[in-house]
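**Q** What follows is a structure written as structure tokens; I'll ask about it next.
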Amino acid sequence: MNARGLAAATSVELRKTVRSRVPLVTALIVVVGVAAICLSTAVAATSGSAEIVAKLGPIVAAGGWAGYLSAALQVIGAGAAGASGILLSWSFGREFGEGTITGLFALPVTRAEIAAAKFAVYVAWSVVIALAVTIVILGGGVAAGFGWPSAADLSVALRLPALVVLTALMALPVAWVATVSRGLLGGIAATILLVVSAQVLVFSGSGPWFPPAAPALWALHPDGTGGIAVAVGLLLPAVFAVLTVVAWRRLQLDR
């Protein structure tokens with residue numbers, strides 16, 4: 001793997017991502033969908049209905065910036081995981097599904113460089129989504145009449161972009177599954193498994209040490225052991241990024 005080959009592969013993958021509808025539509029669903037859900041939740045909290053307030057929980061039910069941002073952290077935790085898995089499945093699985101994988105063997109850049117380039121573009125996509133979500137959430141809060149956020153509110157809002165990027169990293173095993181299964185469906189199945197298992201383990205109380213769930217729990221409770229759990233959990237995407245690059249380097253046309 002060399003810098004020139006990686007740069008060329010990254011340029012091509014970036015053009016694919018910009019010109020395709022999948023990354024754009026996925027991004028819009030995350031950004032607009034999360035903002036809409038959070039705003040509707042905040043409005044419901046101020047409705048005064050005892051039943052709705054009880055379902056939302058004490059922090060969200062408090063309304064205002066505190067409830068609004070708490071809802072945003074909870075929704076983004078699941079929404080970003082699903083969106084990240086979809087994009088990884090598309091990026092790595094489409095080459096097999098559309099039959100373009102055979103053409104990659106004739107390129108002057110290596111398949112390992114192509115896989116690394118896909119990861120680089122994916123991380124850049126997640127950073128853009130993280131910034132867009134944060135801006136839209138803050139703008140939505142002001143538009144909803146919550147006033148300007150305080151310093152404490154802004155400190156909570158700063159966890160939003162970190163949560164999106166960390167969640168995107170924790171979804172990297174999907175790329176490996178899409179590669180070894182040679183298609184999008186394997187990656188989608190892995191995405192569903194990661195999201196569902198994270199939710200189940202959070203409810204069971206063991207979520208902080210399950211890497212896909214660690215970022216959301218850290219964002220909601222930064223004063224606990226969540227930071228350590230996230231740091232340890234980053235080993236998961238690191239391992240699967242290496243495994244995916246190795247799998248692409250060893251790809252053969254007959255199997």
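Placement of Cβ uses the backbone N, Cα and C atoms for every residue, glycine included.
These figures come from a predicted structure and were not determined experimentally.
Reproduced below are the annotations present in TrEMBL:
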- 24-45: transmembrane segment (TRANSMEM)
- 65-88: transmembrane segment (TRANSMEM)
- 119-144: transmembrane segment (TRANSMEM)
- 156-177: transmembrane segment (TRANSMEM)
- 184-206: transmembrane segment (TRANSMEM)
- 226-248: transmembrane segment (TRANSMEM)
**Q** Under an 8 Å Cβ to Cβ limit, what residues of the same chain, 6 or more beyond the ends of the transmembrane segment (156-177), are close to it?
**A** 65-66, 69-70, 72-73, 76-77, 80-81, 84-85, 88-89, 91-92, 115, 118-119, 122-123, 126-127, 129-131, 133-134, 137-138, 149, 186-187, 189-191, 194, 211-212, 214-216, 218-219, 222, 230, 233-234, 236-237, 240-241, 243-244, 247
**Q** List, by number or range, the same-chain residues at least 6 past the transmembrane segment (119-144) whose CB is under 8 A from its CB atoms?
**A** 6, 10, 13-14, 17, 23, 27, 30-32, 34-35, 38-39, 42-43, 65, 68-69, 72, 76, 80, 83-84, 87-88, 91, 157-158, 160-165, 168-169, 172, 175, 241, 244-245
